[in-house]
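Annotated in TrEMBL:
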| type | residues | note |
| --- | --- | --- |
| TRANSMEM | 51-75 | transmembrane segment |
| TRANSMEM | 82-106 | transmembrane segment |
| DISULFID | Cys144-Cys178 | disulfide bond |
| TRANSMEM | 207-231 | transmembrane segment |
Amino acid sequence: MDCGILTSKTVLLFLSLIFWAAGAALAYVGSYVIKSYNSFEDFVSDKYSVIPAAIIIGVAVVMFVIGIVGCCATLRESKVGLGFFLIIIMIIFAAEVTAFVFGFIYRGRIKGDLEKSMSGIFQKYDDVNTETHAVDYLQTQLECCGVNNITDWTAIPWYSQHNNSVPHSCCKANATQCTGQLTQLDLLNTQGCEAKLEQMLQDVLSYAMLVILGFAIIKLFGMLSICVIACRSKKNDYEPLYA
(Lines of atoms letter the chains of each structure in order from A and count residues from 1; the text may use other names and numbers.)
(Lines give C-alpha, C1' and ligand atoms only; values in the text may rest on other atoms or scores of the structure.)
Protein backbone atom coordinates (compact mmCIF):
# COMPACT_ATOMS: atom_id res chain seq x y z
CA MET A 1 0.00 0.00 0.00
CA ASP A 2 1.22 3.51 -0.85
CA CYS A 3 2.94 5.00 2.18
CA GLY A 4 1.07 8.30 1.84
CA ILE A 5 -2.32 6.57 1.65
CA LEU A 6 -1.52 4.30 4.59
CA THR A 7 -0.33 7.24 6.69
CA SER A 8 -3.40 9.29 5.79
CA LYS A 9 -5.77 6.45 6.68
CA THR A 10 -3.96 5.91 9.96
CA VAL A 11 -4.19 9.61 10.79
CA LEU A 12 -7.91 9.65 9.98
CA LEU A 13 -8.62 6.55 12.04
CA PHE A 14 -6.61 7.94 14.92
CA LEU A 15 -8.40 11.28 14.54
CA SER A 16 -11.77 9.54 14.65
CA LEU A 17 -10.85 7.64 17.79
CA ILE A 18 -9.59 10.69 19.66
CA PHE A 19 -12.75 12.66 18.81
CA TRP A 20 -14.43 11.10 21.84
CA ALA A 21 -11.57 11.98 24.16
CA ALA A 22 -11.33 15.44 22.60
CA GLY A 23 -15.05 15.97 23.00
CA ALA A 24 -14.90 15.01 26.67
CA ALA A 25 -11.92 17.32 27.24
CA LEU A 26 -13.59 20.25 25.49
CA ALA A 27 -16.82 19.69 27.43
CA TYR A 28 -14.84 19.78 30.67
CA VAL A 29 -12.95 22.94 29.70
CA GLY A 30 -16.11 24.72 28.56
CA SER A 31 -17.97 23.78 31.73
CA TYR A 32 -15.04 24.85 33.90
CA VAL A 33 -14.84 28.26 32.20
CA ILE A 34 -18.59 28.85 32.63
CA LYS A 35 -18.45 27.69 36.25
CA SER A 36 -15.53 30.03 36.98
CA TYR A 37 -17.33 33.01 35.46
CA ASN A 38 -20.64 32.16 37.14
CA SER A 39 -18.92 32.02 40.53
CA PHE A 40 -18.04 35.68 40.15
CA GLU A 41 -20.81 36.79 37.78
CA ASP A 42 -21.63 39.85 39.91
CA PHE A 43 -18.22 41.29 39.09
CA VAL A 44 -18.28 40.47 35.36
CA SER A 45 -20.77 42.85 33.77
CA ASP A 46 -20.11 41.64 30.20
CA LYS A 47 -22.21 38.47 30.01
CA TYR A 48 -20.96 37.77 26.49
CA SER A 49 -17.59 36.83 27.94
CA VAL A 50 -18.82 33.20 28.22
CA ILE A 51 -19.39 32.94 24.45
CA PRO A 52 -16.06 31.10 23.90
CA ALA A 53 -17.05 28.51 26.53
CA ALA A 54 -20.50 28.04 24.98
CA ILE A 55 -18.91 27.46 21.59
CA ILE A 56 -16.51 24.92 23.11
CA ILE A 57 -19.36 22.90 24.65
CA GLY A 58 -21.31 22.99 21.38
CA VAL A 59 -18.27 21.72 19.50
CA ALA A 60 -17.76 18.95 22.10
CA VAL A 61 -21.28 17.59 21.58
CA VAL A 62 -20.81 17.51 17.81
CA MET A 63 -17.42 15.81 18.16
CA PHE A 64 -18.92 12.79 19.93
CA VAL A 65 -21.20 12.21 16.94
CA ILE A 66 -18.55 12.96 14.34
CA GLY A 67 -16.14 10.52 15.96
CA ILE A 68 -18.53 7.70 15.07
CA VAL A 69 -19.03 8.97 11.51
CA GLY A 70 -15.29 9.33 10.88
CA CYS A 71 -14.47 5.91 12.25
CA CYS A 72 -17.13 4.20 10.13
CA ALA A 73 -16.18 6.15 6.99
CA THR A 74 -12.52 5.20 7.36
CA LEU A 75 -13.11 1.50 8.09
CA ARG A 76 -15.74 1.11 5.34
CA GLU A 77 -13.63 3.10 2.88
CA SER A 78 -16.59 5.33 2.03
CA LYS A 79 -15.73 8.29 -0.16
CA VAL A 80 -19.10 9.87 0.61
CA GLY A 81 -18.50 9.37 4.32
CA LEU A 82 -15.01 10.83 4.11
CA GLY A 83 -16.35 13.79 2.16
CA PHE A 84 -18.94 14.38 4.86
CA PHE A 85 -16.20 13.91 7.47
CA LEU A 86 -14.12 16.60 5.75
CA ILE A 87 -17.00 19.07 5.72
CA ILE A 88 -17.69 18.48 9.41
CA ILE A 89 -14.02 18.84 10.33
CA MET A 90 -13.89 22.13 8.42
CA ILE A 91 -16.97 23.42 10.27
CA ILE A 92 -15.53 22.42 13.65
CA PHE A 93 -12.18 23.93 12.70
CA ALA A 94 -13.93 27.21 11.84
CA ALA A 95 -15.84 27.11 15.15
CA GLU A 96 -12.64 26.53 17.11
CA VAL A 97 -10.89 29.38 15.32
CA THR A 98 -13.89 31.60 16.13
CA ALA A 99 -13.76 30.58 19.80
CA PHE A 100 -10.03 31.29 19.86
CA VAL A 101 -10.57 34.78 18.40
CA PHE A 102 -13.39 35.53 20.85
CA GLY A 103 -11.22 34.30 23.72
CA PHE A 104 -8.36 36.54 22.61
CA ILE A 105 -10.70 39.54 22.39
CA TYR A 106 -12.33 39.02 25.81
CA ARG A 107 -9.01 38.24 27.43
CA GLY A 108 -8.00 41.84 26.77
CA ARG A 109 -11.30 43.19 28.08
CA ILE A 110 -11.33 41.45 31.46
CA LYS A 111 -9.46 44.19 33.33
CA GLY A 112 -11.69 47.00 32.09
CA ASP A 113 -14.82 44.93 32.79
CA LEU A 114 -13.78 44.31 36.39
CA GLU A 115 -12.79 47.92 36.99
CA LYS A 116 -16.27 49.10 36.00
CA SER A 117 -18.16 46.69 38.22
CA MET A 118 -16.16 45.88 41.36
CA SER A 119 -16.05 49.31 43.03
CA GLY A 120 -19.81 49.75 42.75
CA ILE A 121 -20.51 46.30 44.17
CA PHE A 122 -18.19 46.82 47.15
CA GLN A 123 -19.91 50.14 47.89
CA LYS A 124 -23.26 48.33 48.21
CA TYR A 125 -21.97 45.96 50.92
CA ASP A 126 -24.48 46.02 53.80
CA ASP A 127 -24.54 42.50 55.33
CA VAL A 128 -27.89 41.72 53.70
CA ASN A 129 -28.08 42.09 49.90
CA THR A 130 -26.77 39.80 47.17
CA GLU A 131 -23.76 42.07 46.63
CA THR A 132 -22.71 41.32 50.21
CA HIS A 133 -22.73 37.57 49.60
CA ALA A 134 -20.83 38.05 46.34
CA VAL A 135 -18.13 40.15 48.04
CA ASP A 136 -17.77 37.73 50.97
CA TYR A 137 -17.50 34.77 48.59
CA LEU A 138 -14.92 36.58 46.47
CA GLN A 139 -12.75 37.62 49.43
CA THR A 140 -12.92 34.17 51.02
CA GLN A 141 -12.16 32.20 47.87
CA LEU A 142 -9.34 34.43 46.62
CA GLU A 143 -8.03 35.35 50.08
CA CYS A 144 -8.14 39.05 49.29
CA CYS A 145 -9.66 42.21 50.77
CA GLY A 146 -10.97 45.31 49.03
CA VAL A 147 -10.77 46.19 45.35
CA ASN A 148 -7.13 47.33 45.13
CA ASN A 149 -6.10 46.58 48.72
CA ILE A 150 -7.52 46.41 52.25
CA THR A 151 -7.52 50.21 52.70
CA ASP A 152 -10.32 50.50 50.12
CA TRP A 153 -12.72 49.52 52.90
CA THR A 154 -12.12 52.82 54.70
CA ALA A 155 -14.07 54.58 51.92
CA ILE A 156 -17.02 52.18 52.13
CA PRO A 157 -19.98 53.13 54.40
CA TRP A 158 -20.06 49.68 56.04
CA TYR A 159 -16.58 50.29 57.48
CA SER A 160 -17.52 53.36 59.54
CA GLN A 161 -20.83 51.80 60.57
CA HIS A 162 -19.05 48.81 62.11
CA ASN A 163 -16.45 50.34 64.41
CA ASN A 164 -13.92 50.95 61.62
CA SER A 165 -13.50 47.29 60.81
CA VAL A 166 -13.50 45.18 57.63
CA PRO A 167 -15.73 42.11 57.07
CA HIS A 168 -14.64 38.78 58.52
CA SER A 169 -14.27 37.50 54.96
CA CYS A 170 -11.03 39.53 54.93
CA CYS A 171 -9.60 37.40 57.73
CA LYS A 172 -6.99 34.81 56.91
CA ALA A 173 -8.01 31.16 56.99
CA ASN A 174 -8.06 29.71 60.53
CA ALA A 175 -7.48 33.18 62.06
CA THR A 176 -9.98 32.62 64.89
CA GLN A 177 -8.88 35.74 66.79
CA CYS A 178 -9.53 38.04 63.83
CA THR A 179 -12.05 40.83 64.54
CA GLY A 180 -11.63 42.78 61.31
CA GLN A 181 -9.80 45.69 62.96
CA LEU A 182 -7.00 47.15 60.85
CA THR A 183 -4.74 46.91 63.88
CA GLN A 184 -4.66 43.13 63.23
CA LEU A 185 -3.02 43.26 59.82
CA ASP A 186 -1.16 40.03 60.54
CA LEU A 187 -4.53 38.24 60.70
CA LEU A 188 -6.00 39.89 57.59
CA ASN A 189 -5.56 39.39 53.87
CA THR A 190 -4.30 42.73 52.57
CA GLN A 191 -4.07 42.16 48.81
CA GLY A 192 -6.84 43.54 46.59
CA CYS A 193 -9.36 41.30 44.87
CA GLU A 194 -9.34 42.93 41.45
CA ALA A 195 -5.83 41.83 40.52
CA LYS A 196 -6.38 38.29 41.84
CA LEU A 197 -9.72 37.84 40.08
CA GLU A 198 -8.32 39.25 36.86
CA GLN A 199 -5.38 36.84 36.99
CA MET A 200 -7.64 33.88 37.71
CA LEU A 201 -9.99 34.66 34.80
CA GLN A 202 -7.01 35.32 32.52
CA ASP A 203 -5.51 31.93 33.44
CA VAL A 204 -8.80 30.08 32.88
CA LEU A 205 -9.34 31.72 29.50
CA SER A 206 -5.72 31.16 28.46
CA TYR A 207 -6.02 27.47 29.35
CA ALA A 208 -9.20 27.21 27.28
CA MET A 209 -7.55 28.96 24.32
CA LEU A 210 -4.55 26.62 24.49
CA VAL A 211 -6.84 23.58 24.38
CA ILE A 212 -8.76 25.05 21.43
CA LEU A 213 -5.53 25.71 19.53
CA GLY A 214 -4.28 22.17 20.13
CA PHE A 215 -7.44 20.55 18.82
CA ALA A 216 -7.59 22.95 15.86
CA ILE A 217 -4.12 21.76 14.81
CA ILE A 218 -5.33 18.13 14.99
CA LYS A 219 -8.26 19.03 12.73
CA LEU A 220 -5.87 20.63 10.26
CA PHE A 221 -3.90 17.37 9.97
CA GLY A 222 -7.17 15.50 9.50
CA MET A 223 -8.23 17.74 6.60
CA LEU A 224 -4.84 17.31 4.94
CA SER A 225 -5.11 13.53 5.27
CA ILE A 226 -8.52 13.45 3.59
CA CYS A 227 -7.17 15.63 0.78
CA VAL A 228 -4.25 13.22 0.26
CA ILE A 229 -6.60 10.24 -0.01
CA ALA A 230 -8.95 12.13 -2.35
CA CYS A 231 -6.11 13.14 -4.66
CA ARG A 232 -4.60 9.64 -4.77
CA SER A 233 -8.00 8.02 -5.32
CA LYS A 234 -8.31 9.75 -8.69
CA LYS A 235 -5.39 7.68 -9.92
CA ASN A 236 -5.87 4.49 -7.94
CA ASP A 237 -8.76 2.65 -6.40
CA TYR A 238 -9.26 3.24 -2.71
CA GLU A 239 -7.15 0.52 -1.13
CA PRO A 240 -8.41 -1.62 1.79
CA LEU A 241 -7.13 -0.52 5.17
CA TYR A 242 -5.61 -3.94 5.88
CA ALA A 243 -4.34 -4.77 2.37
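Keep in mind that glycine also has a Cβ here, set from the backbone N, Cα and C atoms.
Listed as Cβ neighbours of the transmembrane segment (82-106) (distance under 8 Å, sequence separation of 6 or more from its ends, same chain) are residues 12, 16, 46, 48-49, 51-52, 55-56, 58-59, 62-63, 66, 69-70, 73-74, 205, 208-209, 212-213, 215-216, 219-220, 222-223, 226-227, 229-230. When Cβ-Cβ distances below 8 Å are used as the criterion, the transmembrane segment (51-75) is approached by residues 9, 12-13, 15-20, 22-27, 29-31, 33-34, 37, 81-82, 84-85, 88-89, 92, 95-96, 98-100, 102-103, 106, 205, 208-209, 211-212, 241 of the same chain, each at least six residues removed from its ends.
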